[in-house]
Amino acid sequence: MLNTLLSLSALPFIFTGGYSSYTSWSTSLNLLFFYITWSTLLFSHPPIKIELVGTLIIRILFFWLPAIIFLLFDSALPSLAANIKLQGKEGLGKKKGGEYAIERLKIVAWAGFNTILGIAVQGAVEYGFTKVLKRKSALRISSKLPLPGEILWDVSRGVLVREVLTYYLHRHLLHQSPAPTSTRSRIKSSLSPATRIPLLASLHLQWSHHLTAPLSFSAHSDHPICHLLTRILPLYLPAILFRFHLLTYFIFLALISLEEVITYSGYSIFHYSILGGATRRVDRHYQSCCTPSVRTLISRLSGRATAAVTGEEEKDAIDRIGNFGIWGALDWLHGTSVGRSEDEQLEQELADEREEVGDMVREVMEKVVEKRRGRSSVGVERRAGSMGSGASRRRERERERERD
Ligand SMILES: [Zn+2]
């Protein structure tokens with residue numbers, strides 16, 4: 001079964017089938033081979049098992065493997081990693097040594113738990129559909145292979161629905177504005193904070209935004225409830241809604257897994273890729289949670305500090321958090337984008353460079369002027385000296401004449 005699922009690498013042939021005369025024979029053979037193995041797999045294993053094991057394999061190949069490589073690179077070569085992090089050294093986190101290792105291990109452990117949880121929920125949904133409701137499976141599991149156009153259409157609308165769900169759930173549930181606490185509770189205790197942070201927002205801030213910069217595993221290390229709401233639901237709901245073919249779902253899942261691991265890597269090397277903008281936006285989302293008021297709030301929620309900022313400051317800081325979507329369109333539409341646009345950034349970089357060059361030129365000019373002044377003053381002194389000696393010589397000569 002594992003071999004057949006791994007032979008999903010033959011899927012790109014579906015896209016190229018019939019378009020290239022050079023590879024048409026090999027493509028047809030690959031497709032035939034793929035069709036036979038896929039049909040055999042369906043015939044010999046329960047569909048739910050194929051769906052769940054396939055999901056696990058895709059997650060391992062397209063999320064876990066790259067995430068582990070990124071994490072090992074960050075840990076083994078921090079100085080090199082800092083060079084390609086969008087936040088530089090800050091992008092590697094503030095903790096060092098044992099504390100750093102424990103923090104990373106916790107994040108990886110929760111990412112593992114959340115991956116299993118997501119697959120378990122998917123299994124429960126399929127079980128509910130087929131065994132409890134006695135209906136067709138949530139995803140279309142058939143031996144008939146999906147056509148390239150169908151795959152493209154399903155993946156496109158899946159990406160669209162996922163973006164809409166991610167944006168609104170992330171913005172309105174995980175970064176919900178705090179409500180002012182009742183005056184009664186404030187009278188009861190002078191330590192009672194001025195605002196009441198909704199439960200999900202509190203969990204998301206403590207679990208995800210205790211880090212000042214994202215790291216590859218951050219996409220899956222949020223609190224399990226937050227993870228189910230903003231990672232699993234936006235991914236699985238469009239697949240059920242449009243009843244994706246299982247193979248289309250695997251392609252969709254592979255693309256989303258890659259997108260998650262890249263956009264949360266915090267690396268600037270993806271600048272010119274299709275995911276460069278999304279990677280920067282995720283990084284800016286984390287940066288928008290780094291204001292002193294939000295940091296104090298996170299400390300207060302984790303029980304490490306009492307409220308040190310006013311309710312208005314806390315609310316204002318939370319309302320300033322932005323970049324909730326992945327592709328940026330909804331943030332732009334709702335005015336929740338944070339950070340500068342690419343053009344503005346480029347302009348700023350050019351202005352900085354111009355200023356730097358100007359400073360260097362000014363420095364050189366000042367040095368030249370200073371040197372010239374130094375020389376001319378020496379010359380004046382010398383001239384003055386020579387003039388002085390000439391005058392004294394003249395005066396001496398006059399005195400000698402008077403004596404004669
Ligand atoms: Zn967030």
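Backbone N, Cα and C define each Cβ position, glycine as well.
Marked as transmembrane segment by TrEMBL: 30-45 (among others).
Per TrEMBL, the feature transmembrane segment maps to 52-73 (among others). Through the fold, the transmembrane segment (52-73) approaches residues 1-2, 5-6, 8, 80-81, 104, 108, 111, 115, 119, 122-123, 126, 215-217, 219-220, 246, 250, 253-254, 257-258, 260-262, 265, 267 of its own chain, all at least 6 residues removed from its boundaries and within a Cβ separation under 8 Å.
Residues or ranges marked as transmembrane segment by TrEMBL: 107-129 (among others).
What TrEMBL records for 158-285 is domain 'Fatty acid hydroxylase'.
Annotation comment: TrEMBL describes 235-255 (among others) as transmembrane segment.
The annotation region 'Disordered' is assigned in TrEMBL to 370-404.
Positions annotated as compositional bias 'Basic and acidic residues' by TrEMBL: 393-404.
Computed over the domain 'Fatty acid hydroxylase' (158-285), the whole-number mean pLDDT of the model equals 88.
Remote same-chain partners of the transmembrane segment (235-255), defined as residues 6 or more beyond its termini with a Cβ less than 8 Å from a stretch Cβ, comprise 8, 11, 38, 47, 50-51, 54-55, 58-59, 61-62, 118, 121-122, 125, 138-142, 145-146, 150-151, 154-155, 157-162, 165.
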